Number of protein chains: 2
Amino acid sequence: MKAYKIPEATVQRLSIYSRHLAQLISEGVITVSSGEIARGVGVSSAQVRKDLAYFGEFGTRGVGYNVQELYSHVMRILGLNHTWNVMIVGAGKLGSALAVYKGFEDRGFKVRSVLDVSEQRIGQQLGDLVVESLAFLEDRVSRENIDIGIITVPAAAAQEVTDKLIRAGVKAILNFSPRVLKVPDSVVLRNVDLSVNLEVLSFNLSFGYNLK
Amino acid sequence: MKAYKIPEATVQRLSIYSRHLAQLISEGVITVSSGEIARGVGVSSAQVRKDLAYFGEFGTRGVGYNVQELYSHVMRILGLNHTWNVMIVGAGKLGSALAVYKGFEDRGFKVRSVLDVSEQRIGQQLGDLVVESLAFLEDRVSRENIDIGIITVPAAAAQEVTDKLIRAGVKAILNFSPRVLKVPDSVVLRNVDLSVNLEVLSFNLSFGYNLK
């Protein structure tokens, strides 16, 4: 499957470009230059062209990009041209917040199942979903065709839950627990540490550097 | 205040290096090379050297870096050599989850105040804190020396809350709402969209590219 290396920062910027392009579509804009995209999202136009160049040739020199075509293309690159089925394991405060987070569904991530071990949490309503027992993990992964598992359990339980998800056939894990998880090469793992967002602010407050 | 431009990706990597260095310190490691840091966190050693070079000369050729010194230096660059006081506005599911998120305090971000407008939420206990009325915003910013405001209110209320925080003297805003916020140049703003994390997984699932 490995083709060539795309920097993760490029993928994150593609995500930002796609939001900006969606905005332009809603404003009725037909064509856009790399310079206009760059100004709209706060990067250099060379960066925009370089990011897009990883995925082939786009646009017409002197005319720019057709907004709708570029948007569709970027969404396809990101794998956002269809819905992904998501399971959240751990219905504590963070898991519950993610279960009803509007931003996920807007981008094609549909939370289909929320599981927990706690008797207090099982049966709790979260939007359209009801928290179910972790004992149903394998059944729900199969029944709901779960693509992505989100881990919001305490650190001590995170590896065991990860192993269960992988045995059930889940190919991608988003880990919010502070535990470093082991997964086979065939599984995509991403660790989220929410404090990184505060650290970028802290850096700016301390040094007053302008971030690119 | 503006010195020169540091890529945000560099700041995020410094944050990752600092965690790896903390781990090495706990293992009793005294010196480390850029290659060892690179392997530990999954980037190239040239990238590690380039990131550190923004902030002056480090290490001794052929010997590497003193782990403790490099850790202290990186933490100072990130502004993590002291505690930052944080206010959360919006005590819904996400705000409540962030109020008790252990990762913040571990990195020097201390949530001092959580505010909301809802009568149901005011008075609710979140860890050591009690949710208070938004009417106390100015008083609490001043009394707790709030450095950073986290916005977890609905989109419709986000700009008004931001304006209040800025008038009260807050210099940095972390925005979890989907609203695009206007802030003066003197205020640092960072928008968080949690679905970006899922989009990186979606990209990987779709294309199987190995991210750098």
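For all residues, glycine too, the Cβ spot is worked out from N, Cα and C.
Bear in mind that TrEMBL entries carry predicted annotations, made automatically and left uncurated.
TrEMBL lists DNA-binding region for one of the ranges B:16-55, B:56-95, namely B:16-55. Filtering of the binding-site residues B:GLY90, B:ALA91, B:LEU94 by Cβ separation from chain A (threshold: under 8 Å) yields B:LEU94, ordered along the sequence.
Cβ neighbours of B:ALA91 (NAD(+) binding site) (same chain, under 8 Å, six or more residues apart in sequence): B:ALA99, B:VAL114, B:LEU115, B:ASP116, B:SER118, B:ARG121, B:GLN124, B:LEU126, B:VAL131, B:THR152. Counting only residues at least six positions away in the same chain, the Cβ atoms of B:LEU115, B:ASP116, B:ILE151, B:THR152, B:VAL153, B:PRO154, B:ALA157, B:VAL161, B:SER177 sit under 8 Å from the Cβ of B:GLY90 (NAD(+) binding site).
Looking only at other Cβ atoms within 10 Å, the busiest spot among the binding-site residues B:GLY92, B:GLY95 turns out to be B:GLY95. Per-class residue totals from DSSP over the domain 'CoA-binding' (B:79-180), listed helix then strand then coil: 35 helix, 28 strand, 39 coil.
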